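**Q** Shown below is the structure under consideration.
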Amino acid sequence: MQSNEALVSMEVEAVPSEPSSASASLPPKPIFEPLKAHEMSDGRVQFRKVSVRPHRYSPLKKVWMDIYTPVYEQMKIDIHMNLKGRKVELKTRADTPDVSNLQKCSDFVQAFMLGFDVIDAIALLRMDELYVESFEIKDVKTLRGEHLSRAIGRLSGKGGKTKFAIENATKTRIVIADTKIHILGSFANIKVARDSLCSLILGSPAGKVYSKLRAVTARLAERF
């Protein structure tokens, strides 16, 4: 009895499954061309506006062509200065290759307004993993009067020595504008630079920060 059941099960397993006629009669998959930037927004023009602070108006006039050329010719984004509203206005064109170019150009102009040099800020157009992070000294520790002045002095160092040392070690760029601090770099490098700056604000001596910075950057170099 058991042998008969085994023979039946073997016969059932040996029967090949017939291919379904539905899968054989399916039409070929359509091939669509990628949408262009102006087609993604149904042909609508997208805008960005970046405010120009009074103290950045003169520097902007001096380097306007250095900002205009990469934005207009390479990123294919229209840019012009609204003199009445004191704003830099950006908008997409029909030949803009990618929608993200508009945001990249906006970040580039905004970085210049925060105080970064054009040659440093232009990296935002060419690399996707760069960011600008901003914070204030009062976010780390509430300081007033001379204590605040000494904290700003510790961040810069004599002749900017401390700031340059942190920039070179972490491959970032730092702008110290009164009590506001702006850092341009990759996510991991910004974190290392921010930790070093926070230690200085809290009162750590520069020598101790340097030694810790060397150890952290050595670990980062091994990891990457």
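Just so it is clear, glycine is given a Cβ too, placed from its N, Cα and C backbone atoms.
Since we're looking at a predicted model, the values are computed, not measured.
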**Q** Between 1-28, 57-84, 169-196, which stretch does TrEMBL give the note region 'Disordered'?
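**A** Result: 1-28 is the stretch TrEMBL calls region 'Disordered'.
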**Q** Counting by DSSP, what is the helix, strand and coil composition of the domain 'K Homology' (129-202)?
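**A** So the counts come to 43 helix, 19 strand, 12 coil.
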